[in-house]
Amino acid sequence: MKITQEPIQVLLVFSKEDGQSDAFWWACDRAGFRCNIARTPESAVECFLDKHHEIVVIDGRHSRYFEPEAVCRLIRATKPSENTVILAVVSQRPHDQEETSALPLLRAGFSRRFVENSSVLACYNELVQIEHGEVRCHFKLRACNSVFTALEQCQEAVEITSEDHIIQYVNPAFERMMGYHRAELVGKELTELPKSERNRADLLDAINTCIRKGKEWQGIYYARKKSGENLQQHVKITPVIGQGGKIRHFVAIKRPHYDNNNLVKCHALLHRDRRKDSMDARSLSSRGSDAQSLQNRRYSSVARIHSMTIEAPITKVINIINAAQENSPVTVAEALDRVLEILRTTELYSPQLASKEDDPHTNDLVGGLMNDGLRRLSENEYVSCKNMSQSQLAIPVTLNDVPPSIAEMLNDEECWEFNVLDLEAATHKRPLTYLGLKIFTSFRVCDFLSCSEATLRSWLQLIEGSYHSSNSYHNSTHAADVLHATAHFLRKDRVKNTLDQLDEVAALIAATIHDMDHPGRTNSFLCNAGSELAILYNDTAVLESHHAALAFQLTARDTKSNIFKNIDRNQFRTLRQAIIDMVLATEMTRHFEHVNKFINSINKPMVAIEESSTTANIRNSPEDRLLVKRMLIKCADVANPCRPLELCIEWAGRISEEYFAQTDEEKRLGLPVVMPVFDRNTCSVPKSQISFIDYFITDMFNAWDAFANLPGLMEHLSENYKYWKNLDEMKCKSLRRPPPS
């Protein structure tokens, strides 16, 4: 439980400003405390009732302005002052005068006194000593009120005893369960209460031996109620370590114990035909109090839940952790409690960011890339462009008919340093068809799909025609770049040994189609604008869903370009599912989920095998292949920071321009600005690249490199990061260093 409050609030009650009041003011500023100043008793009380300060400093040196004791009594008369430290500032005494007693100040309500000293450091030391002493104690007392309120409302019986087993507290649930009143129990030793003869003779000794060692005990125990009835309980006794590191209290949590088999039988009886058995459920509920009946039904429900046969994996994990807690040391059990709290949240894979003020670039990038927008619909509607005129397509060619200059470029296609931007220029912004023909032929895609090269050529031209050449970044050159990276990764030994040919074909097709008909705007923009696509896909993975759906729609529309027309239906369904899954994996809202699953399921077992020096192979299950394919296309999609420096700089400029254009349009249409740092007049491109690499790239490529072995890429990444860092340190906001003046 959090028992501190940040920042501490301090009230200075000084009738006039002087060196002492200034010293306390600056001391508060140095300590990070919030400070208010009051000049009169009335304003002091009014301010205190509004802010509920933890520390009040009252000037007691000049009684002609106000009586400090009277001001203190006024504040102490208010309810919030119960946990407030009030400090009296008193005048220094001449050396020949005797020290005065602090008792009158304490009787007036002051907590302590401070002999005037206008040194800021002296005031600072006084304040931080109060914070670490009285204030923190008051926070604990304040927290105790909340804790005891929770105990009073708790449905489980709670009993707190001293180290000598003298009862200190029982809650109302304990009173109801055992039939005693609190006054009958508090102050008594446990040995004074009647014991049940149904416990084993050595059980109490076993319990005491366990808890005296500081260990938690948990088990079944029979208690004797005030009525004399024996009650079987599930008891959990926890030692509480206090002053001096010794056990000072024991907390026992008790609830009635019901055998699960009996509960299931009872549950079955209740559901029999009552005409045959003449069983009235009301007769069962009439036994005991209403509260006890509610408890019975509650534990019956719990038993039925545990007997359910349908169990999700996360439920199994939680049950395993709960079981592990049963006999674990207190520190381990507390750690497992924190694990359970994390597992019960919905955002399991999204790390928490620093404040927007601390890192605006990262916050804006994450907000723009990982969220689906602010869900604020607008009258200004953005509709994705569907102009895919075939007149813009290059003349169909075969691989053998490729112009010599382009063919020479394609000879370097298997090299990571391949320059796709040169290919873009040589092909008049149609690099995807040429590179696609080369790579698909290399991987024998036509053989696998049983389609002709002419069909593949038509399909590549159809897909490339659906990319918007007007986009600075999300155009067919980006698709060609991702296809090239995908092919490069597929040729790595460990990847080849993990994936089969269907996986390879799915990866190449997914890379080719993954951003088709991209409007040059983010998902957040489309959702905020209330676009047709956002409405169609319910504001969820809007663009990625559109890319995949449109690809299959266009492919099936014309038999001349239908590369799937000759494959078996079942094989097509498997291939289609793999392609869709990979395209959807490029959507950034699940980025950390995909990366963490890859690390936990692929990297860590792989490291364990390597460290054990065994010859075992990593299991090549469908689940593992799925994680590898997702990671492969994710890395291919954002591999720009791992390209040679000149390519990295060019891609950084292109994506920045696309984000600048989106910000311009958001402002023009009156939409929420998703990434405010991408204002073309103020943006630092180096900072944006540093944030992107730090937050999205480094961990993902470290994991991918550990699997696929990509030393060249990691060297480029390191060099490019240094380049952006150097520009940022020079306060340069552009892509390149300014020319020397």
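Glycine is treated like the rest: Cβ placed from N, Cα and C.
These come from TrEMBL:
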type     : residues                                                       : note
ACT_SITE : HIS474                                                         : active site, proton donor
BINDING  : HIS474, ASN475, SER476, THR477, HIS478, ASP515, ASP637, GLN689 : AMP binding site
BINDING  : HIS478, HIS514, ASP515, ASP637                                 : Zn(2+) 1 binding site
BINDING  : ASP515                                                         : Zn(2+) 2 binding site
COMPBIAS : 283-297                                                        : compositional bias 'Polar residues'
DOMAIN   : 398-731                                                        : domain 'PDEase'
Could you tell me the mean pLDDT the prediction assigns to the domain 'PDEase' (398-731)?
93
To which of the binding-site residues ASN475, SER476, THR477, GLN689 does the lowest count of other Cβ atoms within 10 Å belong?
ASN475
Using the alpha carbons only, what distance in Å do you get between the residue listed as 'active site, proton donor' and ASP515 (AMP binding site) once rounded?
7
Quick one: of HIS474, HIS478, HIS514, which of the recorded positions has the smallest count of other CB atoms within 10 A?
HIS474
Other same-chain residues whose Cβ falls within 8 Å of the Cβ centroid of HIS478, HIS514, ASP515, ASP637, the recorded Zn(2+) 1 site, in sequence order:
HIS474, ALA479, VAL482, ALA511, HIS518, THR586
When a 10 Å sphere is centred on the Cβ of ASP515 (AMP binding site), how many other Cβ atoms does it contain?
25
